[in-house]
């Protein structure tokens, strides 16, 4: 049987883009990734070559019939436009989260991919970490009473990365994946421009009416870390369970998943659940942004 090969291009060569180039050039032996062949990369900056990978123009990437898929690793602000261009050109797309900075755009792009029969895959490496996999096992089957997920990190340029509910959607994805569907009950945001500090606090309810809180806090010199406090009827979980190191890198795991989709090896049920989760998180991110940006008013 002739093995099906998919020509790929990486768009954007920041940290993620460089990891993508590395993983595409060194696929895991006998993994789905062996069906991906790196054709080149696109960047606004001029590089020439990176390792063996050659730089090509955006026009070439869109026009070339030997390129079947694009890995989009540009800044968040330009994801939507770049996805649209590659879908219109009839290419499959892998994009780093968040896929767009508005829910409307995300739904439109998803619909477009479906109409064109193309795979639109959104990277969610936060679900692939060993730390998270252990946490999910630990939480499984327990009854939540209340919980908090508190993220801290360094300052982001919001013009490029978008509103914190979108740039921090990895945290929201965790909560939805752990506890099921959520409703936003309130959301506020404190900004200290002079200190370059921002803190977003979101209150949710689970379908069982249990409260969950997400805090996304960023400021100069803040360590990148997540703190959890999940209380169940059986007791509270305040530290991450011990987790082994994975032998397979996160971007490689994600790349294998994308390749499996291209090869038609992911079930309809899994694809549907993933689509629901991704779009639901983006819908919630938008609701959160609206709450935070509303002028103070009294809710009756």
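The backbone N, Cα and C atoms fix where each Cβ goes, glycine too.
TrEMBL: automatically predicted annotations, no manual curation.
If you look up TrEMBL, you'll see 7-124 marked as domain 'Gfo/Idh/MocA-like oxidoreductase N-terminal'. Here TrEMBL flags 13, 14, 15, 16, 43, 44, 45, 97 as NADP(+) binding site. If you look up TrEMBL, you'll see 132-244 marked as domain 'Biliverdin reductase catalytic'. Taken from TrEMBL, the feature Zn(2+) binding site applies to 281, 292.
Overlay of TrEMBL feature records on the structure.
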residue	record	contacts (Cβ under 8 Å, 6+ apart)
13	NADP(+) binding site	21, 41, 43, 45, 47, 50, 73
14	NADP(+) binding site	73, 74, 75
15	NADP(+) binding site	none
16	NADP(+) binding site	73, 96, 123, 251
44	NADP(+) binding site	none
97	NADP(+) binding site	122, 123, 124, 169, 170, 173
281	Zn(2+) binding site	169, 172, 173, 176
292	Zn(2+) binding site	163, 165, 187, 188, 189, 200
Report summary line: The most crowded of the binding-site residues 43, 45, judged by neighbouring Cβ atoms within 10 Å of its own Cβ, is 43
Requested in this report: Compute the average pLDDT of the predicted model within the domain 'Biliverdin reductase catalytic' (132-244).
Outcome: 97
Query raised in the report: In the domain 'Biliverdin reductase catalytic' (132-244), how many residues does DSSP call helix, how many strand, and how many coil?
Result: 30 helix, 50 strand, 33 coil
Requested in this report: Looking at NADP(+) and its recorded binding residues 13, 14, 15, 16, 43, 44, 45, 97, figure out the farthest C-alpha pair and report it in angstrom, whole number.
Outcome: 22
